[in-house]
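Here's the structure, in C-alpha cells; my notes come after.
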C-alpha cells in the first residue's frame, strides 16, 4: 500500500495532499514547485484551461532583462480578474466538466511534469504592477504576462488555477489521515540495542526521551532507584492508556467545513458537480438548480459501490496468488523435466560411444536452450503478474483504509476516482492473463535407430503423439480403511507421451468382472462403500488423444473384517444429542427421534452392541437397521424403511411398517446391553439383550443397503460399541425356553 501513499513528484509520503481535477493527488509544497505560467506565444491555449466564467489570471510584472527562472509559488491573493468574456467564448468546459483541459505539455522535467520557459514581460510592466498593488503589500510573484496552470505529474493533463490559486484545490483529508496512521504504524526501534537490526521498542521514557525494547529496559532502565519516578509510555504509533486524547485518524479529527464557507459544515452532495456542499452553497444559488442528495446517503452508496468493486479485485488477487504458486511449481517441473531430458540424452549419447561424442555437446545445448527459453518465459510472466498483483494489492489495501474512514465528505471527494481505478484494475486481468504461456513438457525426443553412418546427421525430431505407457502403482501409498480403499499411481520416468487422464477399474470383491470406478486426471483415488471382509482387485490405465494405454499390474486389497463406525451427526434428527466422539447418543425431546450409523452394509455378517447408560420412566427405545431415507421424527420401524426391535423394561417387540410382531419377555434397564446381528449372507436380522436372543430371527429375506439405526427420547442414553467379532453365543444361539 505504500506506493499509494507516495507523492508522484517528490516520491515521499504525501504532505498536505490536494486533489487535482483529474482525481490524482499531489503534495501542496510539490504543487507550488510544478505550477507553471504559459508564455504569450501560447496565449491561445489558456482559454482551454479556465473554467467557464472564470477570469484569466492578469499579467504580472517582471523586471526587464531579468533571467527566466522557475515558476514562483502561486498565492490566492496574487490572482486578478480580466478577460472573462473572451475566455468564456473560447472555453470548452461546462459545469459538469472535470476542470482540466487536454493540453499536452511540450517540455517535461525528469519526473514527467510539464515545464515551460518564462517569457519576459514588456518594459514598464513592473512599474504598472507595483502601482496597482495595495500600500504595504509586496508585488505578486507571478512573472510575465502569462496564464497560470498546473500539470498533473501522472496523467500530464493541465488544469487552470482559479482566483484562489492552489487553495482552490480541495484538501484530501482522508489520504492525509491514512498517511498519518501509516507513519504511526511503522515500528519504532530500540535506541540501545546492539543487535542489527534493533528490536522493536516496547516503551519510551518521557524523562530520558529514549526508546527501549523489553530486554534493554530491564537492563538499562530498571523500575527502581532514580528510575522509579520516570514515566514510561508506549512508543510512538501505539495506543496510549485508556482515556488519553487520540490524535489518530478518525479519533480527534474535526468535522469537515466548506471550502467556500469556512464556518459551515458539509451536509449535502451535489450530483452535478460531484462534490460535497453546505447549506450556504445552496442558498447562494451556485448549486440551486443542481441535483443534490444527503451527504450521509451518498457516502453509504459510494462506499457500497467501492466495496462491490473491491470484491472483483480481491478475487483476481486471490487467483493471481494461486497462479504465482502454479508458476513456481511450473519452474520446478521445468527444472526437473529438463534434468530428466538431459540424463536421458547423456545415456543415449554414451551408448553410441565415440561417434556420438561430437554431437552430444550440440544436443545438450539445444535442451539447455529450450529449458532456458521456457524458464525465461515463465520468469517474465511471474515478474509481470507480481507487478500487477502488487499494484492491485496496494490499491486494495488503500481502498480498505479509505472505507474505514468515517468522514463522508472526504470519502466522497475521492470515491469516484477510486471506483474507476478499482474497475480499471479489475479489467487488467484479462482472459488468459492467468494461464502459463509455456508447458513444463519438452517436445523433444531422440531417435537412436539410424545406422552408424547417419550419426553425424543426428538431431531432435518432433515428438509424435503415442498412447501413454503403463502407469506404475505406488504400493506404499495404497491402503484400506474399514470398507474403503485408496490407490495411488504415477507415470514412469522419462515417459515422453502426454497423458490426458486415467481410468481406474475395480472388481466386485468376489472375483467378478472389472468395472470403471474413476476417470480423471488425478493420480490418487479413494473408493468408499465397499463390502467388508472382501478382497478387491484394482488396475489403472492412462489415455490421451491417440488412444488408451495398457493396464498396470493388478493390486489386491483386503477390506476390514469388522466394521468400525459411529453415529452420524450429519444425518441425525436435530433433536439428537451426540457426545463421546459421536459414540454416545441421547435426545432433547420427549418424542422418539432417529439417528443412523456412518457405515452402510450390503454384504457379509456384521455385529454391534449398544450399552444403555441411562433409562428413566420406562421409555421404548428401538434398535435396528434402516435405509438412508428413513423418517427420523418418529419411532424406528413405523415406516417401510426401517426394521427394528423396540423394548421397554419388561418385554420387546419387532416392528416394520408399524406392524408389531413377536412379543418376547425380557426388557432393558440401566446397564443393559443390546446386540444387533445383521447377516446379509442369510438375509436376516437378530437381536440380543444381555446375551439372550430375543425370539427367532426378527426379519428374513431382507436385501439391499442398510445402515445401523436407533430411535430414543430424552429418557434414554446409549453408547455404541463397534469393531466386534461375532460372539460365540451368537454363533451357537440358544433360544429361551417357553
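Quick reminder: no glycine exception, Cβ is built from N, Cα and C everywhere.
Since this is a predicted model, take the numbers as computed values, not measurements.
Record features (TrEMBL):
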COMPBIAS  65-76  compositional bias 'Low complexity'
COMPBIAS  97-106  compositional bias 'Polar residues'
DOMAIN    188-235  domain 'B box-type'
COMPBIAS  243-253  compositional bias 'Gly residues'
DOMAIN    253-295  domain 'B box-type'
DOMAIN    403-461  domain 'COS'
DOMAIN    468-562  domain 'Fibronectin type-III'
DOMAIN    544-729  domain 'B30.2/SPRY'
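Sequence-distant contacts of the domain 'B box-type' (253-295) (same chain, six or more residues past either end, CB-CB distance under 8 Å): 95-96, 170, 173, 177, 407-410, 412-413, 416. Confidence in the domain 'B box-type' (253-295), given as mean pLDDT, stands at 79. The helix, strand and coil residue counts that DSSP assigns across the domain 'B box-type' (253-295) are 7 helix, 11 strand, 25 coil. The residues of the domain 'B box-type' (188-235), classed with DSSP into helix (H, G, I), strand (E, B) and coil, number 12 helix, 10 strand, 26 coil.
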